[in-house]
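A.B. asks: Pasting the relevant annotations from Swiss-Prot:
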type    : residues           : note
BINDING : C15, C18, H19, M81 : heme c binding site
MOD_RES : G2                 : N-acetylglycine
MOD_RES : Y49                : phosphotyrosine
MOD_RES : K56                : N6-succinyllysine
MOD_RES : K73                : N6-acetyllysine
MOD_RES : K73                : N6-succinyllysine
MOD_RES : Y98                : phosphotyrosine
MOD_RES : K100               : N6-acetyllysine
Amino acid sequence: MGDVEKGKKIFVQKCAQCHTVEKGGKHKTGPNLHGLFGRKTGQAPGFSYTDANKNKGITWGEATLMEYLENPKKYIPGTKMIFAGIKKSAERADLIAYLKKATKE
């Protein structure tokens, strides 16, 4: 399990420009991530997803996020997420630990 505080810093630096995490948060360039864990790809209400995201058909969890966040465009070819990914697995684990906490508060 990763470090929530380190994960928050990673989120602020690499994700917050396009995503929010709080309940009722606005969609930005990317969708609000509240309720992410256990949700299928391309399903945040009110966000316009690519067909690639809608049709991927996986459920977000620690394992799927670990793989996706390493290289989003490889995991979901055709996604409009322009983020290159996080190569270090420890940093991905920290980010996932933060997301797990922040997206259900």
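Here the Cβ of each residue, glycine as well, is placed from N, Cα and C on the backbone.
Give me the lay of the land around each of these features.
C.D. replies: Neighbour count (other Cβ atoms within 10 Å of the Cβ, all protein chains): 18 for M81 (heme c binding site).
Cβ neighbours of G2 (N-acetylglycine) (same chain, under 8 Å, six or more residues apart in sequence): A90, R92, A93, D94, L95, I96, A97, Y98.
Here the Cβ of Y49 (phosphotyrosine) has 17 other Cβ atoms within 10 Å, regardless of which shown protein chain they belong to. Y49 (phosphotyrosine) falls outside any helix or strand according to DSSP and counts as coil.
Around K56 (N6-succinyllysine), a 10 Å sphere centred on its CB holds 20 further CB atoms from the protein chains shown.
Counting every protein chain shown, the number of other Cβ atoms lying within 10 Å of the Cβ of K73 (N6-acetyllysine) is 16. Reduced to three states, the DSSP call for K73 (N6-acetyllysine) is helix.
Neighbours of Y98 (phosphotyrosine), defined as other CB atoms within 10 A of its CB across all chains, total 23.
Taking Cβ-Cβ distances under 8 Å and a sequence gap of 6 or more within the same chain, the neighbours of K100 (N6-acetyllysine) are F37, E62.
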A.B. asks: Rounded to a whole number, how many Å is the Cα of C18 (heme c binding site) away from the Cα of K73 (N6-acetyllysine)?
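C.D. replies: Rounded to the nearest whole number, the Cα-Cα distance is 16 Å.
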A.B. asks: Which ones in the same chain are close to H19 (heme c binding site), with CB under 8 Å and 6+ residues apart in sequence?
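C.D. replies: F11, K28, G30, P31, N32, L33 - these are the non-local Cβ neighbours of H19 (heme c binding site), listed in sequence order.
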A.B. asks: Setting C15, C18, H19, M81 aside, what same-chain residues sit with their Cβ within 8 Å of the center of the Cβ atoms that define the heme c site, listed in sequence order?
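C.D. replies: Close Cβ neighbours, site residues excluded: K14, A16, Q17, K28, T29, G30, L33, F83.
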